[in-house]
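Take a look at the structure set out below.
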Amino acid sequence: MATNITFHPGSVTKEERIKFVGHPGMTIWMTGLSASGKSTIACALEQYLLQRGVTTYRLDGDNVRFGLNSDLGFSEQDRNENIRRIGHVAKLFADACVVAVTSFISPYRKDRDQAREFHKKDGLPFIEVYVECPVEVAEQRDPKGLYKRARAGEIKEFTGISAPYEAPISPEIVVSSHTQSIEECVEKIVNYLLEKDLITLK
């Protein structure tokens with residue numbers, strides 16, 4: 001980190017921003033295996049919240065690798081950096097009173113915990129959502145053909161096959177995409193946000 005820099009605070013307070021936008025920001029961090037349903041649930045949740053007056057933006061694991069993280073591969077070190085960057089980006093969205101919905105495998109607990117700490121430091125809500133799905137089911141879905149390629153040895157360090165996935169120990173929310181519909185998963189997340197008074201629907 002550079003040492004010849006100074007943080008420049010703005011003139012808009014958190015309270016003012018919440019008043020103008022209409023609600024506080026937060027990050028809803030979805031984690032789970034590839035093909036567990038993270039992106040599908042995130043898309044549905046974004047649509048649901050936007051249609052009800054909640055400013056929401058989705059950050060997708062594949063999408064950010066086309067730009068911001070295009071220089072990163074899938075080694076453990078690169079995965080760590082991938083999540084570190086997105087943790088900061090999500091925090092910026094949350095600070096702007098946007099509900100950031102992230103869908104990243106984010107296989108390592110320490111990386112997810114680090115993202116949580118970024119938010120905690122600035123008093124921003126961080127809701128970890130574990131999208132639970134047995135690897136057998138995810139492999140059967142395999143919409144991108146990645147599991148097949150991993151089994152064939154064409155993809156090294158593939159989460160769930162040749163690289164570990166560390167499931168959350170105490171996430172705020174658990175949804176089971178193999179037993180619950182997309183609508184049921186979204187409903188469970190929204191109900192949590194309402195119960196915690198984090199959002200108000202129009």
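Each Cβ is built from the backbone N, Cα and C atoms, and glycine gets one as well.
Swiss-Prot annotations:
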{"type": "ACT_SITE", "residues": "SER103", "note": "active site, phosphoserine intermediate"}
{"type": "BINDING", "residues": "GLY32, LEU33, SER34, ALA35, SER36, GLY37, LYS38, SER39", "note": "ATP binding site"}
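Distribution of Swiss-Prot features across the structure.
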residue: GLY32; record: ATP binding site; CB count, 10 Å: 28
residue: LEU33; record: ATP binding site; CB count, 10 Å: 25
residue: SER34; record: ATP binding site; CB count, 10 Å: 26
residue: ALA35; record: ATP binding site; CB count, 10 Å: 22
residue: SER36; record: ATP binding site; CB count, 10 Å: 28
residue: GLY37; record: ATP binding site; CB count, 10 Å: 25
residue: LYS38; record: ATP binding site; CB count, 10 Å: 28
residue: SER39; record: ATP binding site; CB count, 10 Å: 21
residue: SER103; record: active site, phosphoserine intermediate; CB count, 10 Å: 28
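Between ALA35 (ATP binding site) and SER103 (active site, phosphoserine intermediate), the C-alpha separation comes to 11 Å. Calculated from their C-alpha atoms, the gap between SER103 (active site, phosphoserine intermediate) and LYS38 (ATP binding site) amounts to 5 Å.
In sequence order, SER103, ILE105, VAL131, CYS133, ALA138, SER177 are the residues of the same chain, not among GLY32, LEU33, SER34, ALA35, SER36, GLY37, LYS38, SER39, whose CB sits within 8 A of the CB centroid for the ATP site.
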